[in-house]
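> From TrEMBL, here are the annotated features:
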BINDING   B:Thr49, B:Ile212  pyruvate binding site
ACT_SITE  B:Tyr141  active site, proton donor/acceptor
ACT_SITE  B:Lys171  active site, schiff-base intermediate with substrate
Protein chains: 2
Amino acid sequence: MSHHRITGVFSASATPLTADNRPDFALFTDHCRQLLAEGCHGVALLGTTGEANSFSGAERRAILEAALKAGIPADRLLPGTGVVAIPETVELTRHALSLGVTKVVMLPPFYYKGVSDDGLFAAYSQVLEKVADTRLQVILYHIPQVSGVPLSIPLIGRLIAAFPETVVGIKESAGDFNNMQAIIAAYPGFSVLAGADPLLLPLLKAGGAGCITATSNLVANSLRAVYDHVHDEARAADVEAAQARINAYRTLSNSYVQIPTIKAMVGLKTGNPAWKRTRAPLMPLGDADYAALAESYAKLP
Amino acid sequence: MSHHRITGVFSASATPLTADNRPDFALFTDHCRQLLAEGCHGVALLGTTGEANSFSGAERRAILEAALKAGIPADRLLPGTGVVAIPETVELTRHALSLGVTKVVMLPPFYYKGVSDDGLFAAYSQVLEKVADTRLQVILYHIPQVSGVPLSIPLIGRLIAAFPETVVGIKESAGDFNNMQAIIAAYPGFSVLAGADPLLLPLLKAGGAGCITATSNLVANSLRAVYDHVHDEARAADVEAAQARINAYRTLSNSYVQIPTIKAMVGLKTGNPAWKRTRAPLMPLGDADYAALAESYAKLP
């Protein structure tokens, strides 16, 4: 069985906004509760789908605090805390820990491109040494198509070797199944979490630990069904059907700009068009796209 | 003659660090004074060469305040204030204005890639509308090879049209001379500043406004000579020689990782090896590279 320290279905939750473009705490915490009710093991708030890097440090802290105040248990929250400057990554990580939130997803510093593994190792090491909290569990965040900063397999190995109790997993959002398999093979017990929904089932079969994905905002119950029954031969058809449903939602969300589309689809699911709002530089879907999306959405399984 | 509101030789100044990896305010302000003494019209601190995005907001504010406290006039300072989240870009820009610093260089939000011109227009517009200060003059920052977010010519035009008294120039750091020429042709009076040193002379001949470059940390006097005498036929040979000297320094700095090499070269110029320090994810040159650099540096004109 799995020796992963982090395993399950985690939602890369979207962040709703008020009419004046601030985080809508009430709607967000309702959404978190709903995600857990639909089967998510946890909510990986403040990631790429959550538009975290479009919020100030103060807003990020307020979003996490709002979730806790609304009664979401600390051990069900996995905020993104990796930002572009080491002192602010330290500050956000310490803030989470101060609230009892011990699992975080951490981007590398992402302004400079083509940086060396030595440089990324130094950056992560300095953060972890400054935070210096044995409770902390870090999920590295590999999303080179957005961050511009890939995390190589040797770098991952160096970080695990240096911080074996802290660096416990990776969110692999490049969607590169070969890379996921290689990480699993290289580092037994290290949690590889799919960042791309269609890979949940194949990754679990290959020894992966679960997922942190955007489509969970819409079909968490199907993701949970895949996760729970992947090894149950008798339910193979159900599992395949659940993964197919996930893929249908994913395909539709990727037919337009993904994050605004995910948000618009949450709005269609919940009947609350406030969900359409995004923060610049992301823009809400235009009226024509939204109308077409709504028509396609109504036909999804 | 030029109708540019921002014109001259500006240094993309490097930021020295203390042994415990904090900004070295004393060494930095000495460097700013030296850059002005060598002929820079101003210091464009806290840009890419200045490792700005590796500093926290608090550190960035402290660096700007240190320069002012050391007596650098506010109208000679052009800090970078564009960060990844609109509220923090607003905060840094307001901070500069609160100190009487009215000219800033502004990156677009740079986490998300492939964003639309509508999204970037919205981002810049929201910043400028929130800051709402008629003193402000903004130099847009086009450095797609690092930021991952190019600024298109139509976007530039939309911003000039919407904020004609505020959006007054662009730092073109893609090193794309055709792009510089196209911006000059499209928007007369808009200041196009070379971000790549070898293009200063050709850009000035083509109607550009000057430069904001890294090699100015080393050879500001030569950049100033090119700027001052570009239109003096009698001094054409001197101008060509000055540009050739600039190019020699630039070629050497780009023989290794550029920013750590620029810093190491400032250390060689000033005899202060503390300049070798960088903040992660950038790493100082290794000993072998540093020794080779020092040997090459000693032979520069």
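In case you wondered, yes, glycine gets a Cβ from its N, Cα and C as well.
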> For the C-alpha pair, I'd like the distance in angstrom between B:Lys171 (active site, schiff-base intermediate with substrate) and the residue listed as 'active site, proton donor/acceptor', rounded off.
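Checking the Cα atoms of B:Lys171 (active site, schiff-base intermediate with substrate) and the residue listed as 'active site, proton donor/acceptor' gives a distance of 5 Å.
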> Could you state the whole-number distance in Å separating the C-alpha atoms of B:Thr49 (pyruvate binding site) and the residue listed as 'active site, proton donor/acceptor'?
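Cα-Cα distance, B:Thr49 (pyruvate binding site) to the residue listed as 'active site, proton donor/acceptor': 13 Å.
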> Where does B:Lys171 (active site, schiff-base intermediate with substrate) sit in DSSP terms: helix, strand, or coil?
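DSSP call for B:Lys171 (active site, schiff-base intermediate with substrate): strand.
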> If you draw a 10 Å sphere on the Cβ of B:Thr49 (pyruvate binding site), how many other Cβ atoms land inside?
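For B:Thr49 (pyruvate binding site), the count of other Cβ atoms within 10 Å is 27.
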> Rounded to the nearest Å, what's the C-alpha distance separating B:Tyr141 (active site, proton donor/acceptor) and B:Ile212 (pyruvate binding site)? Just drop the number here, would you?
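Between the Cα atoms of B:Tyr141 (active site, proton donor/acceptor) and B:Ile212 (pyruvate binding site), the distance comes to 10 Å.
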> Let me know how many other Cβ atoms fall within 10 Å of the Cβ of B:Lys171 (active site, schiff-base intermediate with substrate).
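Excluding its own Cβ, B:Lys171 (active site, schiff-base intermediate with substrate) sees 29 Cβ atoms within 10 Å.
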> Give me the long-range Cβ neighbours of B:Ile212 (pyruvate binding site): same chain, 6+ apart, Cβ under 8 Å, in sequence order.
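Correct list: B:Phe10, B:Ser11, B:Ala12, B:Ala44, B:Gly47, B:Leu78, B:Val105, B:Ile139, B:Lys171, B:Leu193, B:Ala194, B:Gly195.
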> Around the Cβ of B:Tyr141 (active site, proton donor/acceptor), how many other Cβ atoms lie within 10 Å? Please give the count over every shown protein chain.
29
